[in-house]
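S.K.: Take a look at the following structure, please.
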Amino acid sequence: MASNESILQGVHVLGPVSESQKKILTPEALAFLALLQRSFNSTRKALLERRKIRQAELDKGALPDFLPETKHIRENPTWKGAPPAPGLVDRRVEITGPTDRKMVVNALNADVWTYMADFEDSSAPTWDNMVNGQVNLYDANRRQVDFKIGNKEYKLRTDKKLPTLIVRPRGWHLEEKHVTVDGEPMSGSLFDFGLYFFHNAFETVKRGFGPYFYLPKMESHLEARLWNDVFNLAQDYIGMPRGTIRGTVLIETILAAFEMDEIIYELRDHSSGLNCGRWDYIFSVIKKFRQNSNFVLPDRSAVTMTVPFMDAYVKLLIQTCHKRGVHAMGGMAAQIPIKDDPAANEKAMEGVRADKLREVRAGHDGTWVAHPALASIAVDIFNKHMPTPNQLFVRREDVTIGQNDLLNMNVPGQITEAGIRKNLNIGLGYMEAWIRGVGCVPINYLMEDAATAEVSRSQLWQWVRHGVTTAEGKRVDKAYALKLLKEQAQELSQNAPKGNKFGLASQYFAGQVTGEDYADFLTSLLYNEITSQGSPKAASKL
């Protein structure tokens, strides 16, 4: 095997490294990152090019369908995914959130079964956020994460077993520009995965679980194959048995919905199931078919989990997972308590109960919450209706879902000026916070992340592009969209603290809501605003 010194030639760290971060950015860890990058980055880039080719086909009116070349995988009933790993047999309630130290302590203290620590949609990828997040997870796995702010102490509970930790790295499309390998930015996915795995793989196994991951934003089974190759190399490199890693894939793109069997198949020795990433899924439907007037959706509030295309996606996901012996995880309850209005709070919580009841009755094995206060609601529903650790035996053989079901855009509802303004508020509010380095933002008592901001701007783009008419009789065109954007940005800026970033957020947003330019992801569009590259430091000198 090559020496670390030779591997580290061509590896540079462009972000500042504090004393506490040095235990993460060690020469050994950076050598492992370089190995991952050199082994897999060319495949990653080729798969991203494949996405562009697929998008060009969709722009011309092509529609996705189940792949003929993988029919033999879908129709073979004998293969299975991996059996549930230690700490992942019962996942009835999972809490998700960013990796700041306070969130890590609060999430691990919550009455839930797992905690998804998120480097992706609920984190703004500043250098400090990404590296400090790794520090916090390193410390959490070793039960040394307690800290104090003023007189307030944050300590891990010792009266019960802590939730299983699962990490969500960034998607394949994102880069980590603060580390370069041979002159190219690192893949954000490989950076997040690599650092966590290198430092925590053996520690997590020692503590009774393992190196577990949520895998976001995939658009094909070939992207799952790449993750599986990464997992195999990583385990081989540190001398860990293959199959120790587990990956739960978020089905949050319309294209992945047609390849769920194949995605589990590619990861099968490492698969821990699929998850319904509802907001990203809606975003993907709008994004992929944005040039097609048959896919124009009404106000975001009308696009619920019970509309035809969402209902079909849920049923197919549960059926597919249980056929293959892996977990089918439900979606996010993004509500946060409304402390100053008991009546409004009860109405919001009733909505959460109904959503979780729908999930458990459909056959889901668990669900997500964004706030610890919602955990008890989800736990009560799942405990009552799922006395077993999971529902892998609920096979949903009554379900038959085809292409038309997944693409059924018969969604009742209207497009209203209030809906447009709401989208503008969510998009601006999220982008402003993101530019300040904050990745999840409470807006109107919902915890909004990148996915909901993406739905907001994509709907606005789509409505302008196709010249829809609102319920009030107003045609939505570029001038109207920009007028409302200006009004909402001024209102938000006036009510925000001095020095806010609404002006900058508005400039970026204006380019995204006119039915013309369309960035692949808001996070990619804004990333340069939060990078802090300094002079390159050779990795071997850290």
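Just so it is clear, glycine is given a Cβ too, placed from its N, Cα and C backbone atoms.
The active site, proton acceptor annotation in TrEMBL covers Arg168. What TrEMBL lists as active site, proton donor is Asp449. Sequence annotations record features per position, and here TrEMBL assigns domain 'Malate synthase N-terminal' to 10-72. Among the features that TrEMBL reports, domain 'Malate synthase TIM barrel' is placed at 164-408. The feature domain 'Malate synthase C-terminal' is assigned by TrEMBL to 414-530.
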S.K.: Would you count the other C-beta atoms found within 10 angstroms of the C-beta of Asp449 (active site, proton donor) for me?
M.R.: 26
S.K.: Inside 10 Å of the Cβ of Arg168 (active site, proton acceptor), count up the other Cβ atoms and send me the figure.
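M.R.: Looking across every protein chain shown, the total is 23.
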S.K.: In whole Å, how far does the CA atom of the residue listed as 'active site, proton acceptor' lie from that of Asp449 (active site, proton donor)?
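M.R.: Cα to Cα, the residue listed as 'active site, proton acceptor' and Asp449 (active site, proton donor) are separated by 14 Å.
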S.K.: The domain 'Malate synthase C-terminal' (414-530): mean pLDDT?
M.R.: 94
